[in-house]
Amino acid sequence: MRINPTTSGPGVSALEKKNLGHIAQIIGPVLDVVFPPGKMPNIYNALVVKGRDTVSQQINVTCEVQQLLGNNRVRAVAMSATDGLMRGMEVIDTGAPLSVPVGGATLGRIFNVLGEPVDDLGPVDTQITSPIHRSAPAFIQLDTKLSIFETGIKVVDLLAPYRRGGKIGLFGGAGVGKTVLIMELINNIAKAHGGVSVFGGVGERTREGNDLYMEMKESGVINEENIAESKVALVYGQMNEPPGARMRVGLTALTMAEYFRDVNEQDVLLFIDNIFRFVQAGSEVSALLGRMPSAVGYQPTLSTEMGTLQERITSTKEGSITSIQAVYVPADDLTDPAPATTFAHLDATTVLSRGLAAKGIYPAVDPLDSTSTMLQPQIVGEEHYETAQRVKQTLQRYKELQDIIAILGLDELSEEDRLTVARARKIERFLSQPFFVAEVFTGSPGKYVGLAETIRGFKLILSGELDSLPEQAFYLVGNIDEATAKATNLEMENNLKK
């Protein structure tokens, strides 16, 4: 782990000042810089442009070397706006890649791509920094044991379980509960696994980033009184940033997560919102660097760039990074190269359904569309696998019967189908769950449900033992015992009304 001042800091040491170049050309966020013969910087080195513009405003722009062009000239991509830069300006080669602060001091704080805090809470209290470019862990360091990452969320753990150290795609439109699900996962990993989370906001709306920060403070995921008690570090490179920043902000977040895994030996959750924007930024940079575009205008290095990021997200013998990535599918075309390349890396998909959200069933995870490579009897065990399959079959049959019910009504169904519908409606409601982070809004206390409890509950519903209970008893409860207790309370209330 490198211990040095971050390249983004205002001070660049006297040693680094020896290697000076000057700007020869500026095209948008891309700079060509000329260095003295024999003093060429390496690829990925950070360059710093300092000076004043025409109205004497201070300029401090960090760039990253992308190409060595020959004739002592390099091409670099700026990590912030290039407004005010001029030809002939002095450029300092820092002699190292971009480095960002890591460790416990990053929790509860918001950073930009350079690792600079942007939350007005003062400097970060750490001297430990780490370069954002590093190779993926070697094969010998990897933990190859397949194990489930228990989230405490019934619908996820039963029907589309997450792999420890795996990658999960999160699909869903606006307003179906992505943010609340993300915050609940951050909360549960801290409580159940003693782990921390890193959130990488890649090329999304600034307003959404601000909303997430405010909601995290409200729900206690970020502790304002004692910032060190927070459970998450935030790294933002939003839509208005140059493509260089959006392309590298995912690596900044990943570097912070790697420190928690490798040095603190913790289980880490890494959220990337949105992985498509990472690809999009790479495509913009690729065009600016003059590379020939590939299919649909994407960069020719699309698979390599995606692989470089994704291969660093894994389980090692020290700890694990489990990544949840929001995936935007352009024009709902799953064959588009960006989502298609992402799918190759995913172990599970969690699909959020607007129909379920409209019914008031939260989390609105679609039990039939969500998938996981972990749902195999040899991994999760026969009991879990059988229960999950029977739940899916019951829900699928209910879905097929809905058209008949809408036209002819329930009475026209056979006795067997009516029983299936009744159980499916109970299952649908039992898949809902009160969240800890939503206590503020719902007023009902959150519930963490262990996997064994989840399986027991669904087995009881499928066996028919609970057929006599009303379906509203299963809505927004934790384990099955709470559902039976709720049914007793409902019965008592009904008797009192009579």
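Note that the numbers count up from 1, one per residue, in the order the chain is shown.
Keep in mind that glycine also has a Cβ here, set from the backbone N, Cα and C atoms.
From a predicted model like this one, the values you see are computed outputs, not experimental measurements.
According to Swiss-Prot, the feature ATP binding site maps to G172, G173, A174, G175, V176, G177, K178, T179, an assignment based on sequence analysis. In the shown protein chains, 20 other C-beta atoms lie within 10 A of the C-beta of G172 (ATP binding site).
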Item checked: Residues within 8 Å of the G172, G173, A174, G175, V176, G177, K178, T179 Cβ centre (excluding the ATP site residues themselves) -> L352, A357, A364
Check: Among the binding-site residues A174, V176, which residue has the largest number of other Cβ atoms within 10 Å of its own Cβ?
Finding: V176
Notebook entry, point to check: When the number of other CB atoms within 10 A of each residue's CB is tallied over all shown chains, which of the binding-site residues G173, G175, G177 has the maximum?
Noted result: G177
